[in-house]
Structures are given as C-alpha cells and as structure tokens.
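What Swiss-Prot lists as FAD binding site is Ala103, Glu122, Ala123, Lys130, His147, Ile148, Tyr153, Ile330, Asp519, Met529. The substrate binding site annotation in Swiss-Prot covers Arg288, Ala527. As annotated by Swiss-Prot, transit peptide applies to 1-86, with the evidence given as sequence analysis.
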Amino acid sequence: MVVFGNVSAANLPYQNGFLEALSSGGCELMGHSFRVPTSQALKTRTRRRSTAGPLQVVCVDIPRPELENTVNFLEAASLSASFRSAPRPAKPLKVVIAGAGLAGLSTAKYLADAGHKPLLLEARDVLGGKIAAWKDEDGDWYETGLHIFFGAYPNVQNLFGELGINDRLQWKEHSMIFAMPSKPGEFSRFDFPDVLPAPLNGIWAILRNNEMLTWPEKIKFAIGLLPAMVGGQAYVEAQDGLSVKEWMEKQGVPERVTDEVFIAMSKALNFINPDELSMQCILIALNRFLQEKHGSKMAFLDGNPPERLCMPVVDHIRSLGGEVQLNSRIKKIELNDDGTVKSFLLTNGSTVEGDAYVFAAPVDILKLLLPDPWKEIPYFKKLDKLVGVPVINVHIWFDRKLKNTYDHLLFSRSNLLSVYADMSLTCKEYYDPNRSMLELVFAPAEEWISRTDSDIIDATMKELEKLFPDEISADQSKAKILKYHVVKTPRSVYKTIPNCEPCRPLQRSPIEGFYLAGDYTKQKYLASMEGAVLSGKFCSQSIVQDYELLAASGPRKLSEATVSSS
C-alpha cells in the first residue's frame, strides 16, 4: 500500500514503474488474475449484473448497535462538529493534499467543512489507497484488503453518519470465530452477550469458550492483563518496547495463549506474528474491545469501497467547493529558498501550488520524496524506523456454494493465512446464491510477495483443504476454481514493531505550511482505517488552528491553488 518517489529525469522510466507497483493501498499492476476456461456460466452471470443499474441495497443484517452515547463516539462527534462550527475564513486557504486514501479524504473533508478549499491529488486512477478496489472484465470486484469496520472505530462511524450512509454497513452478530487447526473443518466461537455491559460481555465470551483455552490458562492470562486494566493508557503506551511474545513471557502468561489466540490476532492487526508485533498494538485493541460494549462488533461494507465509501466523501468535498483529481502523481516536493514548500511537481510536468500542503500518502513514499534539505531534521529522520509491511489479498471464485462457513469474518489460524470471509455471504454487492467467493488475507507475506500468483494460489488451496476438508482439496478434485485475483501490496500499513511509537510524527511538521496525514502519524488507533481517518481530522485541525499564520505567510499568502504546465 505504499509508494515511492524523488524521481530524476535519468531514472524516471524505472522509478515510475516501481512507484506504480508499490502505489499506496496496493495496486492493480500487482493484482494479477487467472481464469479457468470453463467459467462461461460465471461470465454470463456477471455480465448480466454489470449491465444493471446503480447498486440498490438496504442493510438488513444485525441492527446497527447503539454507538452514539459512548464516550469515544461523542468525543469524535465533537471534533467533527468543531470544523462545521469554526469561524468562516475571510479568504479560504487552498490546501493541496497528496493521496486520496482514507487519511487524505478525511483531511479534505474536514477542511472543506471548516470553509477551506482542498485540492486532493491521487496518483492512480482509483480512490481509496489501502482500501482501493478494481472491477474485472466480468464485473466482479477485487480489493486491496479484507476491510472490517468495528464498533470501536468512533471517527469512522461518525464519518458514515455525517455522509448519511450508515445503512451501507452490514453488521454481523457479536462474535469472534476461530478455526480449529487440530480439528479440521471445525470452529470455536467467542460470543458476546448483548444483555451484559462492557467489560462483562467480553469476560463472559472468554469464560464460556472452553475449546481454545483451559481455565488455568484463562486465569493466568487475566492476571497478566491486570496491570493494563489498572494502568490505563499510560501503561499501554509504555509496553511499546516489548513484543507480544516478550510481554506474555514477562507476565507469566502460558505460551499456549499466544499460540491459540494471539498469533491470529497479531496477523489480523498488522500482518505479522507475535514475536515481531509490539504489545502496545494488542493492548490498544483489547482496551477498546473490553471497555466498549459494541467495540468488537464487526461490520462489512455492503459493496466495493471506492464507490460505496470513497465517492460519498468526494461528493461532499466537491459540494463545498473542493476538488479531487486522479492520475496526479507527485514527482518532487519543490522548495522555496527558505526551505518551505513552493509546489508539488507532478510526473506529467505540471506544478501545483497552494497556501498549505499535506502529504497523505504512506510513509515509504514520503521518505523517497523527502527533499534533501529536510532529511537530517529529527522530525523526518525518525521516520526511518517506520516501514510498510507486505501483505497479499487473495480472491478465489469457486464453482459451487461452500457450506462450511459463516456470514462473518473468520480467523483461519493457518500458518499462511490470516482472516478470511465468504464474500458471497457477507457482502450484498458480492452476493451469489450458487457460488462462493473467498477473500483471504495471506500473511505474513514477506517470503511470498515475490512468488508467482500460481504459487500463492497453490499454497492457499493447501490451507483451505484444512478449513474445508469435505469440500476443497488442493488438487481441485472437489470444488473447482473458476478464477482468482491476487493483489500484492509490497508496503502496506507501517510495521508496528517495538519502539516505533517515539518515531511517529505529529501531523504538524516543523516546516511551515507542510503537514502529514496517515495512520503512521501520531494518533491512538495505530495502523487502521480508524487511525487514518483520525489522522486526517488532526491534520485538518492543525491547519485550521494555523490559519492566521498561513494566511500571512510570504508569497503564498492566500494564493489560489493553481495547476500550471511547466
């Protein structure tokens, strides 16, 4: 999900291809597909669907949980309201934003709410960054990742409400469902009862599950968690220096707890194993899930993210006078003599100027595009430790409806796979009563990112054979593959390893008029969709607070954001 830049004329052809391949949110270039010739029935079906009118859906899954009265939701709502109620600027700032993922979209949305005029530039021809998706020749969508919207995402939930699209979230029953590797084809559930408040509903879910953890293991795990419960956020942040495995050993938590629960959780949160993941990441998730009644409740988007989530944000931005441009890749950050930003130079030769600039693309791209005069500034130097993690998203269309699955997210507990879902069940736009489409996160992916798609599919099928022993075999003697798509993201969210927290930057940089947005920037939700949206709000807040300074700053003083050919 990340990309790189700082391109010179000499290496432009190579760099452009490299950038495209690593473009934020993964890229279509890296998403290859394969079709079995006998899929005419599938082609006929999808052609009919692709010629239909606009998607018409009404959410009829589990009713939307009552989130509006939670402390975190109200806090997020207050921050959103502060932009709408901010004094209208005498002359709106023209803010140029690079990157139309959730962080860039959020930044532009809230700046527009505050009365300013964002110009949002996206390098590719698709919105969404890490939630980008593409439609194939049959009209079927394939995505950068398997995206889950938690009740514990207050800023994301507010965003849906502000856009009037709450009905586009398909809420699932309040459960976490894990495959049982020792019992192929079987699952174990953690069911959270609605009648109990937090944290009792979470405690009840853990205590009632006797298939994954024994009572002595549960007790030792609970004792190990006591310092986090008592110490609060300060304790959580102090654990950044320990990996999950190190923390568990330090707290005397049995190793089997890590094996049974936290390998799956680590891979789901950051695509890496618990011997690498910072314990802070796990504790933040547990904190939200245990303190909020509906925190761990999950929802799927009812269709593809670019159309069902990103476009409503774009429509909102444009309705308030902002602009959004695709196919506008940053080649260079050009500086004034005093080291401030003069313009963004695009790969098409155009320059874009404004009153303020936001870099909302992933951290790996920023590091490649960072101007030489900035590289030794501590604020930017610390970014060296922040590196995107590779991940692979796999989509497989089968010739039949698989039975051993649920209308929910499933934790595979496989060595190669993380979470997966039968999207023909969980998502209205992808619904199919006759055939299953499994979307699977292949992680950790570092050793596989350079392998061929056929290698990845072969390995995936061997894992699926364990999850569907009666329905899938690796040699396809049972369910047959009609087609597949493999989307490789060489650099996704930043790798949340120990001691990263001090390296995460504030949204306001030391360069006057230059700001950052992205889940790697400082906010409490780490690498997530919620973190991206919140970072955009913090970035917008910084710009609104700096209005007088930006309005009075030298040659950029309230200039129109311009795009000029060079």
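Every residue, even glycine, has its Cβ placed from backbone N, Cα and C.
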Notebook entry, point to check: Counting distance between Cα atoms, which of the binding-site residues Ala103, Ala123, His147, Tyr153, Asp519 is nearest Arg288 (substrate binding site)?
Noted result: Tyr153
Next item on the list: Run through the Cβ atoms and count how many others sit within 10 Å of the one on Asp519 (FAD binding site).
Entry: 27
Note to self: Cβ neighbours within 10 Å, counted over all protein chains: which one of the binding-site residues Ala103, Ala123, Ala527 has the most?
What the structure shows: Ala103
Check: Hey, how far is Ala123 (FAD binding site) from Ala527 (substrate binding site), Cα to Cα, in Å?
Finding: 21
Next item on the list: Could you find out if DSSP has His147 (FAD binding site) as helix, strand or coil?
Entry: coil
Notebook entry, point to check: If one looks at the chain holding His147 (FAD binding site), which residues at least 6 apart in sequence have a CB under 8 angstroms from its CB?
Noted result: Ile131, Phe300, Leu301, Pro305, Met529
Check: Long-range same-chain neighbours of Tyr153 (FAD binding site), Cβ under 8 Å, sequence gap at least 6?
Finding: Tyr525, Ser528, Met529, Glu530, Val533
Item checked: Local Cβ density at Arg288 (substrate binding site) - other Cβ atoms counted within 10 Å -> 21
Notebook entry, point to check: Taking the residues the record says bind FAD (Ala103, Glu122, Ala123, Lys130, His147, Ile148, Tyr153, Ile330, Asp519, Met529), how far apart in Å are the two Cα atoms that sit farthest from each other?
Noted result: 31
Item checked: Secondary-structure category, per DSSP, in which Ala103 (FAD binding site) falls -> helix
Next item on the list: To the nearest whole angstrom, state the Cα distance for the pair Ala527 (substrate binding site) and Asp519 (FAD binding site).
Entry: 5
